[in-house]
Amino acid sequence: MNISVSMNKFDSKIKFVQLVFVDINGMPKGMEIPASRLEEAVTDGISFDGSSVPGFQGIEDSDLVFKADPDTYVEVPWDNVARVYGFIYKDNKPYGADPRGILKRALEELEKEGYKAYIGPEPEFYLFKKNGTWELEIPDVGGYFDILTLDKARDIRREIAEYMPSFGLIPEVLHHEVGKAQHEIDFRYDEALKTADNIVSFKYITKAVAEMHGLYATFMPKPLFGFPGNGMHLHISLSKDGENVFMGEEGLSEIALHFIGGILKHAKALIAVTNPTVNSYKRLVPGYEAPVYISWGYRNRSALIRVPAFWGKGARIEYRCPDPSANPYFAFAAVLKAGLDGIKHKIDPFAYVEENVYEMSEEKRKELGIETLPGSLGEALEELEKDKVVKEALGDAYKNFINYKWKEWESYLEYLEEKHMPKDTKKVTEWELERYFFL
């Protein structure tokens, strides 16, 4: 978008523009400027203190600059403000730890190989009443696909969907999820960078609408023990010269199979990025549809990677372990880098399954070469430290990310020790609610 065009889009009521980026956790950060400074934000950038942003700079060298991307300009329908995403710079160069910049560079590497990545997410969330404590009240008792009186939140879902096009998101399916007060709104796939932006926007819209109704929306992976967790399955495909290269004559192409092979090979390290919280691993337990075993299959929802039945031009894979606590820019960069590694080195997929993996004996899983995903954030971080490809995907953010997450894990272990709780507890603790509820 030409900046002069974007300036002409201003509604007279728009007086301020929010400059939005995300921190190491994927949490939106930013600042507001008068609308008259938008052109300056695009051309010269607006400086800010990077030491105040989790995972960015230290106080001894904290000056960063945000440059707005005018193509992302939107006006917030319920407020007299506009929003814009952008890229971060340091010393007049792209800042190496900028999450959005990291994904941009990963996509440029894909493009050098002739590929363009498309991703469609399925983010799940809960709606709660909060009464001043961490006793979460459930406002409805609906279940999966309920559309009758048990589903009290249908109007809230519709309102969220009505606002989404104003932010460039196209809603496709709205429904109640399995858990009481759990919901899902799927939106149309797009190019990977746009989809990552869309995830940040979707969480913003959902939380804002929930608040209008006196509720809290949480994307925390497992807010309640004994209830289904919030996932964010990713539907992924690659195109080349406008054609879906995952499309084979029957089923998937060789490129798609190698892409799967790359993800399977790096799955143990990837999970530290796609499921980056202590709480994430309380969702990834047997008994629910969240995957635990490293496997793949056609139509099989017990596998880590499912190939949906829609082949031909709609050919894609569904990566089922990610959750909405992930920083979408980091997660997409890591997954695409792993898949590209599979394509470059022609890694064949392994651990193909047609039956329910959870119902297999341990002996059968071993025979098929099916391994288990890390069972905790600590285990996942150990795997990440050993994986060159996934580490490189995070670029200059890797060091800050791994250090930040190790401190997070150690803080949790200290809490458990203080409360005399076992390290492998699957109970959702107050420590987790305080830390992750508003992610």
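Using N, Cα and C of the backbone, Cβ positions are placed for all residues, glycine too.
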Residue from Arg316, Arg320 that Swiss-Prot also lists as binding L-glutamate with Gly229, Arg283, Glu289, Arg301: Arg320
Per Swiss-Prot, member of Glu122, Glu124, Glu418 binding Mg(2+) 1 alongside His233, Glu318: Glu122
Site-mate of Glu124, Glu184 for Mg(2+) 2 in Swiss-Prot, selected among Glu177, Glu191: Glu177
Lowest local Cβ density among Arg301, Arg306, Lys313, which the record lists as binding-site residues, within 10 Å: Lys313
Secondary-structure category, per DSSP, in which Lys313 (ATP binding site) falls: helix
Long-range Cβ environment of Ser237 (ATP binding site), under 8 Å and at least 6 residues apart: Ala117, Tyr118, Tyr189, Asn244, Val245, Phe246, Ala315, Arg316, Ile317
For the domain 'GS beta-grasp' (12-93), residues assigned helix / strand / coil by DSSP: 18 helix, 37 strand, 27 coil
Glu122, Glu184, Gly229, Glu289, Glu318 screened against Ile236 (ATP binding site), Cα within 10 Å - retained binding-site residues: Glu318
